[in-house]
Amino acid sequence: MTVGKDASSLFTDVVNCMQTENLELKKLVYLYLINYAKSQPDLTILAVNTFVKDSQDPNPLIRALTVWTMGFIRVDKITEYLCVPLQRCLKVIFCSIILYQVLAIFLCSVFYLFFISCINLTMLNIELDDDPYVRKTAAICVAKLYDINAELVGDRGFLNRLKDLISDNNPMVVANAMTALSEIQEHSFTTVFEITTPTLSKLLTALNECT
């Protein structure tokens, strides 16, 4: 592959190697997928289950590698399947839950409060990847996904999640979120992101922590 030879005939065999626990071998397999997925779109669907599994791996390097690879596989057929692993790596804010809780208090219903609390705890289980390396990689992946399917990025709320990452406590995550938003803005005919006073304050705070 690196010397210009066509290795696409090995696609199925290489996909089977995705199950390896060897990180270096997994990197090579993912690199192969990036190179040949576009010429083998029907077979690329075989990799979806492993992508989903790897996006939940205890090793943050594997989780980050997974979302990074997703951003470079430009195959429309599997793009929507790959949104779920990406969502696991990005912060999700459920504003509606707060409204429901306020309503519950207003109605003074003990049962209703208990019901909403259960929903809240269930949703928070998928709230945020705890590793900043994964989050910053996922931020860039959103910009790559936007190039493939801009409508999907909007429908799945990825733009709002990028904006949420500006409040992240890790400056590298903030920097990558801003880079992704800037890249998306360059390819969008509408205003995707505006720097307001509160946003500028967050950026300056992150800047103070950068080296």
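Just so it is clear, glycine is given a Cβ too, placed from its N, Cα and C backbone atoms.
Unlike curated entries, TrEMBL annotations are predicted automatically.
Annotated features in TrEMBL:
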DOMAIN    1-91  domain 'Clathrin/coatomer adaptor adaptin-like N-terminal'
DOMAIN    129-211  domain 'Condensin complex subunit 1 C-terminal'
TRANSMEM  92-115  transmembrane segment
Local confidence of the domain 'Clathrin/coatomer adaptor adaptin-like N-terminal' (1-91) - pLDDT mean: 85
Per-state residue totals over the domain 'Condensin complex subunit 1 C-terminal' (129-211) - DSSP helix, strand, coil: 60 helix, 0 strand, 23 coil
